[in-house]
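According to TrEMBL, the NADP(+) binding site annotation covers 10-13, 34-36, 64-67, 87-89, 116-120. According to TrEMBL, the domain 'Meso-diaminopimelate D-dehydrogenase C-terminal' annotation covers 117-268. The substrate binding site feature in TrEMBL is assigned to TRP143, THR168, ARG194, HIS243, ASN269.
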Amino acid sequence: MTITAAIVGYGNLGRSAEKLIKATEDFELFGIFSRRDNLDTQTPVYPVADAAQYADQVDVLLLCLGSATDIPEQATGFAEHFTTVDTYDNHSKVPEHYQKMNAAAESSGHLSIISTGWDPGLFSMNRVLGQALFPQPVQNTFWGKGLSQGHSDAVRRVEGVKRGVQYTVPREDAIAEARAGGGEDIVATEAHARVCYIVADETDHDRIREEIVNMPAYFAPYQTTVNFISEEEFERDHLGMPHGGHVITTGDLGGSQQSVEFTLELESNPDFTAAAMVAFARAAARLAEAGETGARSVLEIPLYLLSTQDHDTLLAREV
Ligand code: NDP
C-alpha cells in the first residue's frame with residue numbers, strides 16, 4: 001500500500017516531515033497546507049483554508065502545527081475531514097486533547113493518533129514498558145543535552161542579547177545514580193543544568209548574566225552557566241537543534257536488581273520527531289483502511305503497524 005500523506009504547517013517539523021516522506025518508500029507526498037502562500041519548497045502548497053476539499057485525495061494528514069495554540073484551536077477541525085497524526089506535547093493537557101480528538105474523529109468516521117514524537121511518544125511507551133516490568137519500579141526521565149526552544153526564547157528577551165541559545169544538560173552523576181537504582185530521591189530541577197551561549201557587547205555581560213541566572217522559574221531553580229561567545233562561534237556551533245535523553249527504570253525482582261534504559265541522542269530534534277510521526281502515520285493509515293475510527297494514543301498502537309514489514313515477516317524474523 002502506498003500511503004498518500006499531506007502536511008499542515010511548514011515550520012521546523014513540517015520541513016523535516018517533507019524531507020522524510022520524500023525519502024520513505026511506502027509514502028508519497030500530496031502537498032503542504034499552510035497559512036502562508038509563498039513557502040520556499042518544490043512541493044505543491046495549498047491554502048490551509050481549502051484543505052477539506054482535498055480530503056479524499058489524502059490518506060493521512062500530519063499536523064505539524066505548534067502545540068501552544070495551533071493544535072488546541074485547529075486539530076479537531078482537521079479530524080473532521082482527515083485521518084490525522086500530531087505531536088501535541090503539552091503533557092498535562094494530553095487527556096483533554098485525546099477526548100476532543102476522539103469526539104471529532106468518532107463522529108466524522110476518521111482516525112487520529114495523538115501526541116506522537118519522542119516525548120510524548122517513544123518516551124511514553126518506554127515509561128509504561130519499564131513500569132510494567134517491576135512490582136515497585138523506580139523511574140526517572142532525563143532530558144538533553146538538548147536545545148530548549150522556550151528557554152532560548154527567554155534568554156533572547158533579555159535586553160542587550162543579540163543571539164542566544166540554551167541547552168538543558170542532565171547531570172551525569174544523577175544519571176549514574178538512577179542507573180544504580182537510587183533514582184527515588186532525584187528531583188528534576190537538581191538533576192538538570194542549564195547552559196547558555198550568548199552574543200552581546202562586553203559592557204553588558206555582567207548584567208545579562210545576573211538577569212539570566214536569577215530569572216524566576218526559567219533559571220533561578222537550576223544550576224545555570226552563561227557563556228559569552230563571538231557571532232562567528234555562534235554561527236559555527238549553535239544553529240542545530242540537538243536533543244535527546246534517557247528513560248531509566250530500575251527495580252528489585254525478589255532479590256536481584258535490574259536496570260532498563262531507553263536513550264536518544266539526536267542531532268536534530270525536528271528530524272527525529274518527524275521520523276516518529278511518519279511511523280505513526282503509517283499505523284494511522286492502516287487502521288483507517290481497516291475501518292477503525294476515533295482517537296488513539298501511542299500506547300494503543302500495536303507495534304507491528306509502525307513497521308514497513310507485515311506481521312508475518314516480523315514474526316518470522318524478529319520474535
Ligand atoms: P515552528 O514554530 O517551527 O512551526 C509551527 C507553525 O508555525 C508551523 O506549522 C507554521 O505554520 C508556522 N510557522 C513556522 N515558521 C514560520 C514563519 N517563519 N513565519 C510564520 N509562520 C511560521 O514549530 P516546530 O515545527 O519546531 O514544532 C512544532 C511542534 O512540535 C511544537 O509546538 C512542539 O510542541 C512539537 N514537538 C513535539 C515533540 C515530541 O516529541 N512530541 C518534539 C518536538 C516538537 P504555517 O505554515 O501554517 O504558517
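Using the three backbone atoms N, Cα and C, a Cβ is placed for every residue, glycine included.
TrEMBL annotations: computationally assigned, not manually curated.
The number of other CB atoms found within 10 A of the CB of ASN269 (substrate binding site), across every protein chain shown, is 23.
Closeness to ligand 1 is met by TYR10, LEU13, GLY66, GLY117, PRO120, these being the binding-site residues among TYR10, LEU13, GLY66, GLY117, PRO120, TRP143 whose Cβ falls under 6 Å from the molecule. Here the domain 'Meso-diaminopimelate D-dehydrogenase C-terminal' (117-268) has a mean pLDDT of 96 out of 100. The number of other Cβ atoms within 10 Å of the Cβ belonging to TRP143 (substrate binding site), over all protein chains shown, comes to 19. Distance between Cα atoms for TYR10 (NADP(+) binding site) and ASN269 (substrate binding site): 15 Å, as a whole number.
LEU13 (NADP(+) binding site) carries a helical DSSP state (H, G or I). Reported as a whole number, the C-alpha separation between LEU13 (NADP(+) binding site) and ARG194 (substrate binding site) equals 24 Å.
Among the binding-site residues GLY66, GLY117, PRO120, the residue whose Cβ has the fewest other Cβ atoms within 10 Å is GLY66.
For ARG194 (substrate binding site), the same-chain residues 6+ apart in sequence whose C-beta sits under 8 angstroms from its C-beta are SER148, HIS151, GLN166, TYR167, THR168, VAL169, PHE219, TYR222, GLN223, THR224, THR225. When secondary structure is read from DSSP and collapsed to three states, TYR88 (NADP(+) binding site) falls in the coil class.
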